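Peer 1: My structure is below; once you've seen it, I'll send some questions.
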Amino acid sequence: MSFNLISSYLHLTKPLIIDNKSFPSRLMLGTGKYRSLRNASISIRNSSASIVTVAIRRAYNNKLKGKSSLLDGLDWKKLWILPNTAGCETVEEAIRIAILGREMARRLGQVDNNFVKLEVIADSEYLFPDPYGTLKAAEYLVSNNFTVLPYINPDPVLAKQLEEIGCSAIMPLGSPIGSGQGLQNLLNLQIIINNAKVPIIIDAGIGTASEASQAMEMGASGVLLNTAVAKATNPEYMAEAMKLGVISGRIAYLSGRISKQDKAIASSPSEGIFIK
C-alpha cells in the first residue's frame, strides 16, 4: 500500500468503536475452513484484522480430541477474540456457548472481554438466522453484561429492535454463509445502516475484495468474512486484498460519492479557441 494511501486513510477515518473498545482495523476475520493452521495464521496476519472470530463449539471439540488449534498459535495480546455461537439451534444452547466463550476469552488473558457474536441458526440448508431466537437470546445476554453482536437477516425492523435492547453492533448478512453471492439485498442493508446508532458489520456472503469495498462504500462500519479468504486459491493474498478493499471502500465513503445524473455532464469546457 502506498504511503499516500496510508496517510489519507489515517487522516480520514477513525478507529472502529464497539462498546467503548477501539479497533484500528474494520476488517474482521473468521478462523474456519483453512487448509492448515499455518495458512490461517499468515492470512490473519496479512489481513491486519484487529478482531478474529472463533466458533466456540469447534474450539472445545478440538480441545477434547487433543487437536491443535489456532487458539494456541495466535497472539492474543494483539488480537481481540470474538467468540461465536455458530452451530447453535436454540436460545438455550446459544446462551450456554456464549458463556463458554467468555470463559475462553478469560483464559486467553482478555479478562475484560465480554464480546459474543450471537448466532441462532434454525435452518440447516441455507443457515439463515432465527429472528425470534436471536432476539430472545440477545435479551438474556445483554442483561448479563455481554457485548452482543447478533448475526441477522437484513431485516431493518429486527436490527432496530436489537439495537434498542442494548446490542452493541448489528451483523446483517450480505447473502447466505459461505455462498460468495455478495450483497444481495442492498436496499435493506442501506436502510439498516442509515437507521443505526450502533456499528453495522456486514457478515457472510462476501466473495471478493470489491464486495467488501462495496459494503464499506455503503457506510457499513466494518466487514466480517471467512470463506472468501479461507477457500481462495491463495488465501494469504486474498487476505491482503480484503484489507485493501475495506480501506478503499471506507475512504470512498468518507470522501463522498458524486450523485448520479440522468444526462451526461461534460468534464471539458466547450468554450475556447476553435481550431480548424
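Glycine is no exception: its Cβ is also placed from the backbone N, Cα and C atoms.
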Peer 1: Quick one: which of GLY133, GLY166, GLY178, GLY256 does Swiss-Prot put in the 1-deoxy-D-xylulose 5-phosphate site with ALA204, GLY205, ASN226, THR227?
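Peer 2: Looking at GLY133, GLY166, GLY178, GLY256, the one Swiss-Prot places in the 1-deoxy-D-xylulose 5-phosphate site next to ALA204, GLY205, ASN226, THR227 is GLY178.
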Peer 1: Please report how many Å separate the Cα atom of THR227 (1-deoxy-D-xylulose 5-phosphate binding site) from that of LYS117 (active site, schiff-base intermediate with DXP), as a whole number.
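Peer 2: Pair distance, Cα basis, whole Å: 17 Å.
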Peer 1: The record names GLY178, ALA204, GLY205, ASN226, THR227 as the residues that bind 1-deoxy-D-xylulose 5-phosphate; what is their largest Cα to Cα distance in Å?
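Peer 2: In whole numbers, the farthest two Cα atoms are 9 Å apart.
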